[in-house]
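*Asks:* Let me give you the structure first, and then I'll get to my questions.
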Amino acid sequence: MAGAGGGLGVWGNLVLLGLCSWTGARAPAPNPGRNLTVETQTTSSISLSWEVPDGLDSQNSNYWVQCTGDGGTTETRNTTATNVTVDGLGPGSLYTCSVWVEKDGVNSSVGTVTTATAPNPVRNLRVEAQTNSSIALTWEVPDGPDPQNSTYGVEYTGDGGRAGTRSTAHTNITVDGLEPGCLYAFSMWVGKNGINSSRETRNATTAHNPVRNLRVEAQTTSSISLSWEVPDGTDPQNSTYCVQCTGDGGRTETRNTTDTRVTVDGLGPGSLYTCSVWVEKDGVNSSVEIVTSATAPNPVRNLTVEAQTNSSIALTWEVPDGPDPQNSTYGVEYTGDGGRAGTRSTAHTNITVDRLEPGCLYVFSVWVGKNGINSSRETRNATTAPNPVRNLHMETQTNSSIALCWEVPDGPYPQDYTYWVEYTGDGGGTETRNTTNTSVTAERLEPGTLYTFSVWAEKNGARGSRQNVSISTVPNAVTSLSKQDWTNSTIALRWTAPQGPGQSSYSYWVSWVREGMTDPRTQSTSGTDITLKELEAGSLYHLTVWAERNEVRGYNSTLTAATAPNEVTDLQNETQTKNSVMLWWKAPGDPHSQLYVYWVQWASKGHPRRGQDPQANWVNQTSRTNETWYKVEALEPGTLYNFTVWAERNDVASSTQSLCASTYPDTVTITSCVSTSAGYGVNLIWSCPQGGYEAFELEVGGQRGSQDRSSCGEAVSVLGLGPARSYPATITTIWDGMKVVSHSVVCHTESAGVIAGAFVGILLFLILVGLLIFFLKRRNKKKQQKPELRDLVFSSPGDIPAEDFADHVRKNERDSNCGFADEYQQLSLVGHSQSQMVASASENNAKNRYRNVLPYDWSRVPLKPIHEEPGSDYINASFMPGLWSPQEFIATQGPLPQTVGDFWRLVWEQQSHTLVMLTNCMEAGRVKCEHYWPLDSQPCTHGHLRVTLVGEEVMENWTVRELLLLQVEEQKTLSVRQFHYQAWPDHGVPSSPDTLLAFWRMLRQWLDQTMEGGPPIVHCSAGVGRTGTLIALDVLLRQLQSEGLLGPFSFVRKMRESRPLMVQTEAQYVFLHQCILRFLQQSAQAPAEKEVPYEDVENLIYENVAAIQAHKLEV
């Protein structure tokens, strides 16, 4: 009856029937169960429980449960237990459950309870949205019957403990009022008929609050650094911050971080970016905070200081790498070392920052600005140019240095300046110096050279504008300043141009001031000589010569020189004796004549007995006096003297006044007067008088006659006397128109031989007349003869006796030196055919100064050869003959620059102690000889030889130098004396023989004292002209002294056989004779070997005529 599947309606009907039909005695119905309770409900079951009815024996008892849904469905169950679960129900349905007890077929009353099954849970519960304070949930209605009248319940619990419940009739709900960033557990159920479904749960997190204070911390060319503060609300632990930057070109970079700062890199330079930042936790993002920023542009490239002035600095740069620099702005910031600062901007890639302080260091920063963001800065230090130096001027100048000074430039910071000095000479070449001082001395400059100086200040590499000044060094002093000539109103000076460049462009100034005066006079000249005129006679002048170039005066060379006094006047001999001559003259009319010294010089012009006294000294004698008269004493009787008088002051002599005067002859002594054998005459013998005499006059008894000079000491017969008589006899000595009568002697004649004497007298008379006619005709014939034309055959003069040399010179001087020309012509071809192969070799060409002056092979002086140096044994030098040796001298050319070393090798190898130099290094603007000795004490080295100047003595016409030659390898020395004659022009002759003779005497004295060592080395320029003349003069004067002979022609020919062109010009050949003649005039010594005195033809004629007349008188 109560089987499964039975419906409640049937049961009800049955119950009702039972109740209504219960008529018999039936068992009592059990009590209904007590406390019927719904224990649980599910979506498909309802669990009920109840208590056993009162008094019911549970044995054989059965409980019926019938649940009828609101949809009409019924489920029935029975059980013996006091609980039951009715399943198979529909979810979410309202059921009426009836429970009764049936025992023994008897049902108790029904206990009823209305309840419902639980609805199905909601479907597809999901979080629809989350904010920082709410979570939106949605779901779908549960499976099952119509959800009408259903209620949805939501319960949530946050991780911070916050909880709550919400309900809704909809399928979505937004739970708000939540804490941000919190995890919430949501439980969702459906409530219907008072029964809730099982819960659907979801966890959901509220979004965080947005980050706070989002800002851009930094921007670089490839990154943007952002920072923010944690959101308000809950602890952001386990939260992630998301950053997304999107550029204006669409490029996006995203970064996640748990920190509150991030650097987004990998961005493009100079680009605008929109950066979004949000918080993410449990997959929930907060709202986005946005900031717009830009990356920094790349820095400018190649920032360069383009120009600097004293008030501005120009900068240039290149646009930065990266996107188009349009809309970029360039900023420039500068700070000066004085604190001055400023900022400029430009849209260009260059800028000039002006109004700056001069000479200041500025730090420049340049950046690119784009989108309000500046690039990193490029910096450059640059200094404005200092102002130009002030008051640039020359402080001092020498021949090798110029000292400049200046004032610091205007400006606020003159310290730490470096000053640069650049100078260029007019010969080219530039030097640069720098200094931190306001002065500098430029050294090692060329003398007499114009230099252009540029001076500028520099600071930190910035140069100020230049200040320029042109200044010349001081020219060197002129050298070899000497007095060449002088008169009573002029002084001629000569000098050598200063050492240094540009000699041709020098001008020279001469200043002179007379003694006692203070106002000098000056005169300029472009040459190296000058003659000062209109000077006072007999006055001392202080002379100063300097070179000038570029308007700068050179160093002074000074000389004290005097004009000659005027010559004395009215020179006369007042009285004379046989041993003295009294001279008298008038003093010159000069202002200083009271200070004059007068010199009297006398020399014998000879007398017939001169050759008989080899011990006599006929050299000029000189004496001085302060008076205008002088008695010359200790003279030789009967001698013709040449007297010369001149005034002197300051060692300068006036022109001379001369006269010739003879001393009276000496008286003779009649030593014998004997009668002839016939008694018609006497034989007189008288002594020869001392000194000179020309003839004698005899007077015997009033009878007079003449005898020649040779009659003294011989018996002279005086005839025509009467026998046996006494006659007074005197002898008159005749000399130069003067007569001196001897003491009278009485002679006695014998009485025999008158007739014989007369005959002999007549015969002698006729003979003498014949001789007289012969000599007179011969003399007239010689006078009438005219000179004949010379033919081509010349007679070569041999050695000439000293006493004939004057005549020889006078004869050759006739017709414009025609005789000398003949002799010199004969010398022209001497030696030309000899070999000169060594000198002509190609390796030796450069060693020859002149191509036509080459040494002969046989006479050249060879040097010791140097290994593997062809031609090293050659020098243009020749051995020359002398008086005693074929190699008494060495003649050589003046050294060339390339042969100076060879020259000193020659000196060393020949061990020569003597050098004779007859040229100046520079003559007429041309180099004649290299300056081969040191200029000062600093030695010069040539190969293995070192030359040192030990001493120097400068005289008017020559200089003597002491040199020391050191062989470095052998450590041996050689002393050398150089005699440098400076008054002999090339191809010419000195103005007077006197200076050369004085030079020769000094040289010969040295050579006589220095016998050891090699031959003297003599040179001029070519080594033939002046060199040959001096060698010939030395040899011939020594020949004169030793032999009394002179052979100029022979010796010159002999020299030319050893070296070509010796005595190079006819003028030098004539001058050689003039020097010898002058030497003879200065010397009274006769050669010892000569006994026969010199007599010219006219004197011989005179003496013969005088003899004839004397014999005529005798007759």
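Including glycine, each Cβ sits where the backbone N, Cα and C put it.
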*Asks:* For the feature N-linked glycosylation site in Swiss-Prot, which residue out of Asn35, Asn238, Asn381, Asn620 does the record point to?
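*Replies:* According to Swiss-Prot, the N-linked glycosylation site annotation belongs to Asn35.
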*Asks:* Quick one: which of Asn107, Asn203, Asn350, Asn399 has N-linked glycosylation site in Swiss-Prot?
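*Replies:* Residue annotated N-linked glycosylation site in Swiss-Prot: Asn350.
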*Asks:* Would you mind telling me which one of Asn285, Asn327, Asn573 Swiss-Prot calls N-linked glycosylation site?
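*Replies:* Cross-referencing Asn285, Asn327, Asn573 with Swiss-Prot, N-linked glycosylation site lands on Asn285.
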*Asks:* Based on what Swiss-Prot says, identify which of Asn172, Asn626, Asn957 is the N-linked glycosylation site one.
*Replies:* Asn172
*Asks:* Between Asn83, Asn302, Asn488, which does Swiss-Prot record as N-linked glycosylation site?
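*Replies:* Cross-referencing Asn83, Asn302, Asn488 with Swiss-Prot, N-linked glycosylation site lands on Asn83.
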*Asks:* With respect to Swiss-Prot, which of the residues Asn132, Asn310, Asn468, Asn876 bears the note N-linked glycosylation site?
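*Replies:* Cross-referencing Asn132, Asn310, Asn468, Asn876 with Swiss-Prot, N-linked glycosylation site lands on Asn468.
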*Asks:* Kindly report the helix/strand/coil residue split of the domain 'Fibronectin type-III 7' (564-666) according to DSSP, in that order.
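*Replies:* Output for the domain 'Fibronectin type-III 7' (564-666) reads 6 helix, 49 strand, 48 coil.
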*Asks:* I'm trying to understand the geometry here, so how far is the Cα atom of Asn434 (N-linked glycosylation site) from the Cα atom of Asn556 (N-linked glycosylation site), in Å to the nearest whole number?
*Replies:* 33
*Asks:* Using C-alpha atoms, which one of the glycosylation sites Asn83, Asn256, Asn285, Asn350, Asn556 comes nearest to Asn35 (N-linked glycosylation site)?
*Replies:* Asn83
*Asks:* May I have the DSSP-based helix, strand and coil counts for the residues of the domain 'Fibronectin type-III 6' (478-563)?
*Replies:* 3 helix, 49 strand, 34 coil
*Asks:* Given the glycosylation sites Asn35, Asn172, Asn285, which one's Cβ is surrounded by the fewest other Cβ atoms within 10 Å?
*Replies:* Asn35
*Asks:* For Asn350 (N-linked glycosylation site), identify the closest of the glycosylation sites Asn172, Asn256, Asn468, judging by Cα separation.
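*Replies:* The smallest Cα gap between Asn350 (N-linked glycosylation site) and any of the glycosylation sites is with Asn468.
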*Asks:* What does DSSP assign Asn434 (N-linked glycosylation site), in three states?
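*Replies:* Its secondary structure by DSSP: strand.
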*Asks:* For Asn642 (N-linked glycosylation site), list the number of other Cβ atoms lying within 10 Å of its Cβ atom.
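*Replies:* There are 15 of them.
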*Asks:* Asn172 (N-linked glycosylation site) to Asn285 (N-linked glycosylation site): how many Å between their Cα atoms?
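*Replies:* It is 21 Å, counting Cα to Cα.
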